[in-house]
C-alpha cells in the first residue's frame, strides 16, 4: 500500500522574512535563525543537515535524489545595526510600515531566503530533479567557517550541484534590472615597516620607517593594473589605512603600517598580485636597516559564469514576472558565489540593494512577493530546460 501524498504546505514569504529578521543573528551569532529556516524546509520535505564548523552554523538541505540539482545559496547572518536609536523601527522587530518591511537583514538577505522557500512551497514536489539550499551563518564576517567549508565538505562527499542561485541583493534600481554573473577577485595586504625610534634632530641615530612606506605605496599605486577585461571593470588598488601611531612632533616613529585592497578582474590571479606586492616591498626596503613585511590574503579569485542556457532561464523568469530584461553584470563587491563557483555555474539574483547595511534597512513588502514569483518561474523554467 502506497503512502498518501503529503499535504501541500504553502509558506508566506513575508511572514517567513519577519520570523527570520526577528532572530538577531549579527555575525557570527545565529540566535535560532537556522532553526526557523530548518523547520520550514522540513515541512516541505527537505532532508536537512546542520554542518557546524567552529562556532558557525551552516545548513545544507536537499529534496530529491536525481539530477539536475538546483541549489539556492544565501546567509542568515547580518551586519551590526550601528546606532539602534537612529532607527525609526526596531532593527529586529520586523515591523511593516507604509508597505515597507523594516529590519536588519530585510534586504541582505533574509527576505530572499524567505522568497525562495515560498516559491518552492508553491510548486509540486515531484519535480524532475532535486532542489537544495546551502545557507551559512558566516558571510558577513570572516567567511572562513561558512560556505567555503560546506563546499569543501560536499565536494569531498561527491555531492553534485548542477547550478546555483545566490540570493544577494543584485538589483540596482528596480527588481529584476540586474543579475550578477561574475565578480572581481579580492586581495588584502597588511604592510608593516619596522624602523628605529629616535629624535628628529638626530636622524642618524634612528631608522625612519615612513619614507620606506611612502615608497612602497607609491610603487604599488603607480602601476596601472589593466584597462579592463571583457565584461569586467578595470582592476583597482586602494590604500585603506596608514598608521604610525605617533602624536609627537619631535620623534621619528618606530614603525609604520598600511593596508591595501585590490579588486581584480580575470586579467590577474591572486598569487601573481601577491608576488608583485611582496617584490615591491623588498625593492623599497633595499638599503633600509629595519624590517619590512607584507602579509597578503586572497579573498577570492575573479570568475565569470558565461551567458548561456542557465542565464537564459533567469532572464526569462524575470521577464515573466516583471517584463524587464536584466543586465548581466560583474560589478560590485565579493560574495559567497566565489566559493560556489568551484562546484558549479553560479549566478546571483535578488532584491534591490539600496538600503542594505544601512540604518532603517527596508524592502517593499510587494517586492518580496514579486521576488518569490520570479523564483517560482525560474525553478519551473530551469527543470524544463535541464531535466
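Keep in mind that glycine also has a Cβ here, set from the backbone N, Cα and C atoms.
Taken from Swiss-Prot, the feature Zn(2+) 1 binding site applies to 75, 108, 168, supported by sequence analysis. Counting Cβ atoms from all protein chains shown, residue 168 (Zn(2+) 1 binding site) has 27 others lying within 10 Å of its own Cβ.
Same-chain residues at least 6 positions away in sequence with a Cβ under 8 Å from that of residue 77 (active site) are, in sequence order, 25, 26, 27, 28, 29, 30, 33, 136, 137, 138, 139, 140, 141. Swiss-Prot lists 77 with the feature active site.
The C-beta environment of residue 108 (Zn(2+) 1 binding site), restricted to residues of the same chain at least 6 apart in sequence and closer than 8 Å, consists of 78, 79, 168, 169, 353, 356, 357, 361. DSSP assigns residue 108 (Zn(2+) 1 binding site) to coil in the three-state reduction, outside any helix or strand. As annotated by Swiss-Prot, Zn(2+) 2 binding site applies to 108, 140, 357.
DSSP assigns residue 139 (active site, proton acceptor) to coil, not to a helix or a strand. All protein chains included, residue 139 (active site, proton acceptor) registers 27 other Cβ atoms within 10 Å of its own Cβ. According to Swiss-Prot, the feature active site, proton acceptor maps to 139.
When the neighbouring Cβ atoms lying within 10 Å are counted for each of the binding-site residues (75, 357), the highest count belongs to 75.
Counted within 10 Å of its Cβ, the other Cβ atoms near residue 140 (Zn(2+) 2 binding site) come to 22, all protein chains included. Excluding 108, 140, 357, which define the Zn(2+) 2 site, the same chain contributes 78, 79, 105, 107, 109, 356 within 8 Å (Cβ to the Cβ centroid), listed in sequence order. Cβ atoms within 8 Å of the centroid of the Cβ atoms of 75, 108, 168 (the Zn(2+) 1 site) belong to the same-chain residues 74, 109, 112, 139, 140, 166, 167, 169, 335, 350, 356, site residues excluded.
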